[in-house]
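According to TrEMBL, the features are:
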type   : residues : note
DOMAIN : 308-426  : domain 'DUF5623'
REGION : 153-172  : region 'Disordered'
Amino acid sequence: MLISDIRPTTIEGVKSLAAQYRKQEGIKYSQALDVAAKAANCTNFKNALRILPSIGSRAKKPYILLTIYWCDKDKRYEIGRETLTIALEKPILDICEKLMLKQVRGFGNLRMVAPDHFVCDAIAGSQSFARERLSTAERSLRFMERTGLRPSRDFRKAYPNGQADDQLPDSDHTTDWVDPVSGQFILIDEPYSGVPDEAKRADWSDRTDWRVVKTQWEGMYYPSRCDLYVATDGRTGYDIDALVAKINAMQSPFLEEDWTGESAPSWETFISPMATTPLDQKRARCRGMIYPMPTKTTLPYSYNMGENRRRPAAAMPVDGHTQAGRIIKSILRSAHRPYGVYRRMNSVRSTLEDWMSIEIGRGQLEGPEFFDVYYHEVDDDAPAFERAKSSSGIVDMLGELKHRLQVAYPNCAPLRQQIHKIDMSISLVSKMKTARK
């Protein structure tokens with residue numbers, strides 16, 4: 001085997017290859033270490049020391065690498081990469097399923113490209129912001145690791161008795177979790193310090209039989225600015241005090257100023273040690289750095305650096321957008337929809353408005369008329385608002401919205417993303433409807 005074909009996977013392997021390079025090339029050992037480290041898909045030997053295991057420790061020390069690329073326009077378009085290595089107690093997919101990681105704060109924009117590597121496909125606006133996002137992801141991982149909790153998709157459980165308007169008072173930055181052992185739903189609330197009305201919360205707790213406990217840990221969302229509360233149904237006998245004790249025993253949250261990751265002054269694609277095939281290495285490339293091109297069914301509608309937003313290669317008539325807007329605005333105002341529906345439909349209307357702004361011709365919907373389509377509220381006596389006064393009416397309206405979009409646009413990824421949000425909304429309303437019976 002030629003020396004150039006050797007791909008070491010341990011620190012010992014890098015050192016052995018470096019010795020061969022020093023002898024064959026006649027270079028300093030420190031230079032040979034960097035050359036050998038690159039053969040192991042590392043940027044240099046210092047990087048290799050951080051991420052490559054030693055012989056005998058590989059299976060004992062799980063880890064994960066998180067990468068974000070950035071470009072700072074305020075610094076004459078300075079670019080770079082931030083990669084954070086996180087040592088884990090067990091493999092990440094044993095801590096949280098891959099699909100559910102998308103629900104975890106800090107992981108929403110991260111894509112798993114190798115067993116040991118996640119990459120963000122959006123370009124961060126600065127080095128500081130990239131580090132802050134990776135620090136948030138680290139805090140979320142530690143929270144799951146220490147508590148054993150997993151993300152929950154059952155958003156309706158955050159509302160006692162299934163009532164969408166009966167949520168924890170003054171709650172903010174909430175996340176939904178479940179104890180996989182007992183199946184107990186756990187609400188984590190992270191409002192800004194001093195904002196919640198504790199008396200109002202106590203009254204709500206007494207009325208709903210939920211327990212709400214403030215922890216000593218500074219939280220995942222914004223440590224030092226927010227507090228972390230745990231809330232759960234107290235009628236089940238769940239030991240919330242034991243959970244709070246685990247959280248209080250956690251180390252201080254990892255912050256941007258604690259940065260221990262690797263910083264590179266380039267956009268050279270970072271390849272992790274477990275990315276062993278050409279497909280793995282192709283997958284590791286940040287999609288935000290790929291110049292967008294039209295396809296048969298989609299068109300790029302943003303050429304900004306780091307963005308790859310696309311829309312269907314078709315246009316819905318203005319009347320179609322108007323009808324879609326009435327449906328969405330009526331559903332958002334309805335008292336019969338859970339918050340999970342509000343969140344999804346608010347996203348759908350934002351996307352549809354973006355599409356409409358490109359699809360309409362010059363002179364159409366100028367000024368206030370444009371914003372009326374998706375954002376100005378419908379009248380109380382409007383037919384669409386009347387239909388949204390029942391769960392069954394909302395389900396019918398969501399079905400109509402789905403049909404309108406499928407007729408107007410070709411089957412493509414941007415459309416499927418919106419259809420999925422509509423389908424999930426139908427499911428959430430149907431579940432809440434069943435819970436009320």
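Including glycine, each Cβ sits where the backbone N, Cα and C put it.
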Problem set entry | For the domain 'DUF5623' (308-426), the mean pLDDT of the predicted model | 91
Exercise. What does DSSP give as the helix, strand and coil breakdown of the domain 'DUF5623' (308-426)?
Worked result: 81 helix, 3 strand, 35 coil
Seminar exercise, completed: DSSP assigns the residues of the region 'Disordered' (153-172) as 7 helix, 0 strand, 13 coil
